[in-house]
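Asks: Take this structure, written in structure tokens, and hold onto it; I'll ask about it next.
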Amino acid sequence: MQRLLTPVRQVLQVKRVMQEASLLPARLLPAAHPSFSTVPAVPLAKTDTWPKDVGILAMEVYFPAQYVDQTELEKFNKVEAGRYTVGLGQTQMGFCSVQEDVNSLCLTVVQQLMERTQLPWDSVGRLEVGTETIIDKSKAVKTVLMELFQDSGNTDIEGIDTTNACYGGTASLFNAANWMESSSWDGRYALVVCGDIAVYPSGNARPTGGAGAVAMLVGPEAPLVLERGLRGTHMENVYDFYKPDVTSEYPLVDGKLSIQCYLRALDKCYAFYRQKIEKQWKQAGIDRPFTLDDVQYMIFHTPFCKLVQKSLARLMFNDFLLASGDTQTGIYKGLEAFRGLKLEDTYTNKDVDKAFLKASLNMFNKKTKNSLYLSTYNGNMYTSSLYGCLASLLAHHSAQDLAGSRIGAFSYGSGLAASFFSFRVSQDASPGSPLEKLVSSTSDLQKRLASRKRVSPEEFTEIMNQREQYYHKMNFSPPGDKNSLFPGTWYLERVDELYRRKYARRPV
């Protein structure tokens, strides 16, 4: 990339970008400041209002170009049929070779988002990365992404990496919205990037892996608005999943404890969210309880798909315990035996699980099932998992179906940090609207997944062994065929004798 531009050439470049932007067809995005170089930002502190409808304007999803079939993996691992496909709810699992790392995943997804939206690179004023895939204890992924901004001369970009297991992406999204609704905002867009490679040692946990990245453009007048004041958060100190060994990319996991922590955090966050929305309603003259009926769609962080179905059932159980009216008819019919139970006593209660999984099945099919498409066929993407579910939901519904709805979201990161929050979808689903364009941008998700290469369990295992062999090595060029990557993918070209990483991009 060209490193420097003379002042004259910088001015010419800015003018050219502005002229080209004015000639584009109907813009994908509402206008913030198209170029900070020529349009002075007005500090928010000098205004009397918040920027309107801050949220997600555009999204881009990246996943690896190869996968292993979970049915074949069951046979290869000599486990009973259905352990992965039924027990976990997983059909396929995407994975990365040594050619890809978290930096390359994030480079790819950011470049693809910027190219598709045709935004000037200097229209971004904040970029934050959520990841738990740490390949350097000091140097952030965000600093590598700055390579993409060099030709524009834009180095005035706030934000850095945020890490806590699978929660970093959500923290980054909240930070972007907070920045935009503060006196620090300079009028430009924010980019939120979530990327991870989920890998486990050979054994029971390996089929719950995956890999991918999601980039989100955040700004005002968004089609997916973060509902202000409606975040229920729970945090505590627990060792359910953690990575203390810096010489390995594998975590230490207490699977049973982690599931209990996930469900306990869900209970806590849902209760806090419910309290806040009911308080808002009372201030508006509405005095009634909040339930899942007030959420048209519900997405979850997805370590594996079966846990998500159990989680929606758990939310229904929460509503049931608080229901003050008749619970002997309607959706709660046949559940009265569970009336006297306490949430904290039921995390391992199989009777509760079975009963509410059955009772909530129609609700699951309507509100959540479509959001699991990417997780089913690509696996766990850690920080980007929840937002892959959001993209899947958009890909399976029309703008007209989504318009005006509320999308509930539960984010969880082991250790632990969790939040329940919501998006309000724009009412405008007309052709060319920001919502219609956002939904249309996800329409190729199924086609892209179908275009991947299926790899045998034997080859998959060999590639996992290669990842172990090259992890934290220096002075090497990764093995593999660059042509096996999707066009436009960034990849690791070389690690030199000082551990410095060099990347290249496969031509589009």
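Placement of Cβ uses the backbone N, Cα and C atoms for every residue, glycine included.
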Asks: Quick check on the annotation: Swiss-Prot has GLU80, ALA81, CYS166, ASN204, THR208, HIS301, LYS310, ASN380, SER414 binding (3S)-3-hydroxy-3-methylglutaryl-CoA, so which of SER123, SER258, SER456 does it put in that site too?
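Replies: Site partner of GLU80, ALA81, CYS166, ASN204, THR208, HIS301, LYS310, ASN380, SER414 for (3S)-3-hydroxy-3-methylglutaryl-CoA, according to Swiss-Prot: SER258.
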Asks: Fewest neighbouring Cβ atoms within 10 Å: which of the recorded positions THR208, ASN380, SER477?
Replies: SER477
Asks: State the count of C-beta atoms found within 10 angstroms of the C-beta of GLU80 ((3S)-3-hydroxy-3-methylglutaryl-CoA binding site), not counting that atom itself.
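Replies: A 10 Å sphere around the Cβ of GLU80 ((3S)-3-hydroxy-3-methylglutaryl-CoA binding site) contains 9 other Cβ atoms.
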Asks: Would you count the other CB atoms within 10 A of the CB of LYS473 (N6-acetyllysine), including those on all shown protein chains?
Replies: 11
Asks: List nothing but the largest Cα to Cα distance in Å, as a whole number, among the residues GLU80, ALA81, CYS166, ASN204, THR208, SER258, HIS301, LYS310, ASN380, SER414 that the record says bind (3S)-3-hydroxy-3-methylglutaryl-CoA.
Replies: 29
Asks: In Å, rounded, how far does the Cα of LYS306 (N6-acetyllysine) sit from the Cα of LYS243 (N6-acetyllysine)?
Replies: 24
Asks: Any idea what the Cα distance is from GLU132 (active site, proton donor/acceptor) over to GLU80 ((3S)-3-hydroxy-3-methylglutaryl-CoA binding site), rounded to a whole Å?
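Replies: For GLU132 (active site, proton donor/acceptor) versus GLU80 ((3S)-3-hydroxy-3-methylglutaryl-CoA binding site), the Cα atoms are 32 Å apart.
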Asks: For HIS301 ((3S)-3-hydroxy-3-methylglutaryl-CoA binding site), list the number of other Cβ atoms lying within 10 Å of its Cβ atom.
Replies: 33
